[in-house]
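Taken from TrEMBL as is:
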{"type": "DOMAIN", "residues": "3-275", "note": "domain 'Phosphofructokinase'"}
{"type": "BINDING", "residues": "Gly11, Arg72, Ser73, Gly102, Asp103, Gly104, Ser105", "note": "ATP binding site"}
{"type": "BINDING", "residues": "Arg21, Ala22, Val23, Val24, Arg25, Arg154, Gly185, Ala186, Glu187, Arg211, Lys213, Lys214, His215", "note": "ADP binding site"}
{"type": "BINDING", "residues": "Asp103", "note": "Mg(2+) binding site"}
{"type": "BINDING", "residues": "Thr125, Ile126, Asp127, Arg162, Met169, Gly170, Arg171, Glu222, Arg243, His249, Ile250, Gln251, Arg252", "note": "substrate binding site"}
{"type": "ACT_SITE", "residues": "Asp127", "note": "active site, proton acceptor"}
Amino acid sequence: MKKIGVLTSGGDAPGMNAAIRAVVRKAIYHNIEVYGIKYGYQGLMEGNIERMEIGSVGDIIHRGGTILYSARSEAFKTDEGQQRGIEQLNKFGIEGLIIIGGDGSFRGAQKLTEKGYPCIGVPGTIDNDIAGTDFTIGFDTALNTIIEAVDKVRDTATSHKRTYIIEVMGRDAGDLALWAGLADGAESILIPEKQEDFSTVIDKLRRGHKRGKKHSIIVLAEGVGSGFEYGEKIEKETNLETRVTVLGHIQRGGSPSGSDRVLASRLGAKAVDLLLEGKAGRMVGIENNSLVDHDITKILNEQHTINQDMYKLSQELSI
Ligand code: ADP
């Protein structure tokens, strides 16, 4: 293999740039030409493709977002769209493609691989919702962003003796809420995978109030429902002044944490190694601090699961 390509797709995540940098530099280290495809699969179909040099990825390791930009493309979900993508890759003589993104993006990688075009997936999403890897690129940064925000909310919550609901990202996956809740000492953590009884949430709030607690923090993953509706229900039931903060897209931005930069560098470089070994249809990941790779179809058929011990611990510590 003499020419490879790299693109970022779907929801962006801090650390994607560090992964792009690793792909580009590792490829050039091995005397491989590397091409950046802008705007994900949309840009691929349109031939928005540029040669990348060592300097193309200078001064980006610390930046959030993605210098290759991202996009969502319905057209790429069709056979015709995928065929157009392969035609563009062939036109440039690109023989293998590295896709940095979430599970949606990996479905695109799976389709291209099935059509005979070798692809490797690099998990980049703040949600940490992909099987076959302990962590995805961006999760640690988003977690730290939430923790910083909750610390600030906690100051005002204490001043006013309020209960705060913090709504965080996670439609199907509760990892961000679980980790943030544990790190923030939240009273309750509400995640799609585990529905704590409303009565338990209320009991905990009342017990804390009786003990003289000055504030309460509840972390809720968006997949559970609206933080505002939950807040209203709580205020009605307890008569405790309740406020809601929806963190939204600030969770996606910012300079990547040290852990995310290192993870992205390791996974990006590993993806290049796999292409050079002639592998295709694989996703790189990290398990027990070792780099691994798995069949992408297998990963897409599996569900990422939360750490049950951590959930139990969060309950034991929030009595
Ligand atoms: P993420 O990768 O963050 O999960 P999306 O689910 O939006 O984000 O997927 C990103 C893009 O991947 C989609 O806009 C589409 O172009 C492509 N994609 C998603 N599902 C498929 C599919 N079944 N076949 C081909 N491409 C897909």
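Just so you know, glycine gets a Cβ as well, placed from its N, Cα and C.
Unlike curated records, TrEMBL annotations are generated automatically.
Here the features listed in TrEMBL are painted onto the structure.
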| residue | record | CB count, 10 Å |
| --- | --- | --- |
| Gly11 | ATP binding site | 20 |
| Arg25 | ADP binding site | 20 |
| Ser73 | ATP binding site | 20 |
| Gly104 | ATP binding site | 15 |
| Ser105 | ATP binding site | 27 |
| Glu187 | ADP binding site | 22 |
| Lys213 | ADP binding site | 15 |
| Arg243 | substrate binding site | 17 |
| Ile250 | substrate binding site | 13 |
| Arg252 | substrate binding site | 20 |
Rounded to a whole angstrom, what is the C-alpha distance between Arg72 (ATP binding site) and Thr125 (substrate binding site)?
14
Counting only residues 6+ away in sequence within the same chain, which have a CB under 8 Å from the CB of His215 (ADP binding site)?
Arg154, Ala157, Thr158, Lys161, Arg162, Thr163, Tyr164
Please report the Cα separation of Arg252 (substrate binding site) and Ser105 (ATP binding site) in Å, rounded to an integer.
17
For the C-alpha pair, I'd like the distance in angstrom between Asp103 (ATP binding site) and Thr125 (substrate binding site), rounded off.
9
Based on a Cβ-to-ligand 1 distance below 6 Å, what subset of the binding-site residues Ser105, His215, Arg252 would you report?
Ser105
Given the binding-site residues Arg72, Arg171, and counting only Cβ atoms in the protein chains shown, which has the most within 10 Å of its Cβ?
Arg72
Winner by Cβ contact number (other Cβ atoms within 10 Å) across the binding-site residues Gly102, Gly185:
Gly102
If I take the Cα of Glu187 (ADP binding site) as reference, which of the binding-site residues Gly11, Arg243, Ile250 has the closest Cα?
Arg243
Non-site residues, in chain order, whose CB comes within 8 A of the mean position of the CB atoms of Gly11, Arg72, Ser73, Gly102, Asp103, Gly104, Ser105 at ATP:
Ser9, Gly10, Gly40, Gly101, Arg107, Gly108
Extent of the substrate binding site in Å [max Cα distance among Thr125, Ile126, Asp127, Arg162, Met169, Gly170, Arg171, Glu222, Arg243, His249, Ile250, Gln251, Arg252]:
32
Using CB atoms and a 10 A radius, I'd like the single residue among the binding-site residues Asp103, Asp127 with the highest neighbour count.
Asp127
If you count Cβ atoms within 10 Å of each one, which of the binding-site residues Val23, Met169 comes out on top?
Val23
Across the whole of the domain 'Phosphofructokinase' (3-275), what does the mean pLDDT come to? Round it, please.
96
In whole Å, could you give the widest CA to CA gap in the ADP site formed by Arg21, Ala22, Val23, Val24, Arg25, Arg154, Gly185, Ala186, Glu187, Arg211, Lys213, Lys214, His215?
57
